[in-house]
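Have a look at the structure below before the remarks.
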Amino acid sequence: MKISQAVGNACTVPASSVETHNNNPSKESKIIYLPGTNCEIKSQALLSAFTSYRVGGAAELYVAPRNIEALQASLRYAQEHNLRVTTLGAGSNLLVSDRGISGLVIATRHLRYTHFDHQTGQVTIAAGESIPSLAWEIAKLGWQGFEWAVGIPGTVGGAVVMNAGAHNSCIADILVSAQVLSPDGTVETLTPEELGYAYRTSLLQGSNRVVTQATFQLQPGFDPAYVTATTKQHKQMRLTTQPYNFPSCGSVFRNPKPYSAGWLIEQSGLKGYQIGGAQVAHLHANFIVNRGGAKANDIFCLIRHIQQEVQERWSILLEPEVKMLGEFQAA
């Protein structure tokens, strides 16, 4: 079993299944109940509703566990059936193929809890919690250290995996530890050093582990009004420099030091360039937006076109920050 990173009662499988309605008669749709949990695996579940691009086909199998036990059961099911596993958080850094994804997609959006330790200044957060919502909650408590994250459009799990960052700060700066599950359901706790953090990446990317929660070191005891005001400044900066009026995945490419990917794309004359419903944003060239009716393959072809144009002009091959899942067809 391979796991892709865009988590009671341990159950045993076999699981029972029943037939359900399927809009695609060429593919059988079913629900698989995992014994010992309130969890069910659905087949042929459309993923477009769960990605920020609002594109993508169906997952061969899809599950959204509500607790660690159900997540462990889902992983065991995948292991016993030799299924590839893809972990889905907010879907904000993903491009899912129009053809969908094979294997089991595990959505962590229902794994939600937050625990503040007011003595140590540490906060432990479940993988499915929203980063922007947390930034506001933490600011209102008067805790510093998370203000920069208010504009990160994702969940804690995804942010830990990709070392999300903004405003010269990143997850690695404040992470104490991350709790992860291995394919057999074993719980591990890893430090930032063990995660091998680098710019917008970690050893979790492409690994066989799923993040369930993370603990961060913050600084309590500040004026909530001051921290909230700083958080608002970070949010306003992103609103004025990044497109929020159309669906996107956030930044498409990593910045190739010492350059900005957006600057290279803009200087290549690509602002506003469009393929199908996918367009290079006018406000920020490192964003591709869905202007309406875009297909995942439109976005994929636009990514490839940008890479070709920038490499031809600057001899720099831009590396995608967005993770592409499934099969795509180049134009």
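Each residue's number is its place along the chain shown, starting with 1.
Any Cβ shown, glycine's included, is placed from N, Cα and C.
Model, not experiment: these values are computed from the prediction.
The annotation domain 'FAD-binding PCMH-type' is assigned in Swiss-Prot to 54-221 on the grounds of sequence analysis. Among the features that Swiss-Prot reports, active site is placed at Arg200, Glu321, with the record citing sequence analysis. Swiss-Prot lists Ser251 with the feature active site, proton donor.
Mean model confidence for the domain 'FAD-binding PCMH-type' (54-221) is a pLDDT of 96. Note: the CA-CA distance between the residue listed as 'active site, proton donor' and Glu321 (active site) rounds to 7 Å.
Note on Arg200 (active site): other Cβ atoms within 10 Å of its Cβ, all shown chains, come to 18. Non-local neighbourhood of Glu321 (active site): Asn93, Met162, Arg200, Gly250, Ser251, Val252, Phe253, Arg254, each in the same chain, at least six residues away, with C-beta under 8 Å from its C-beta.
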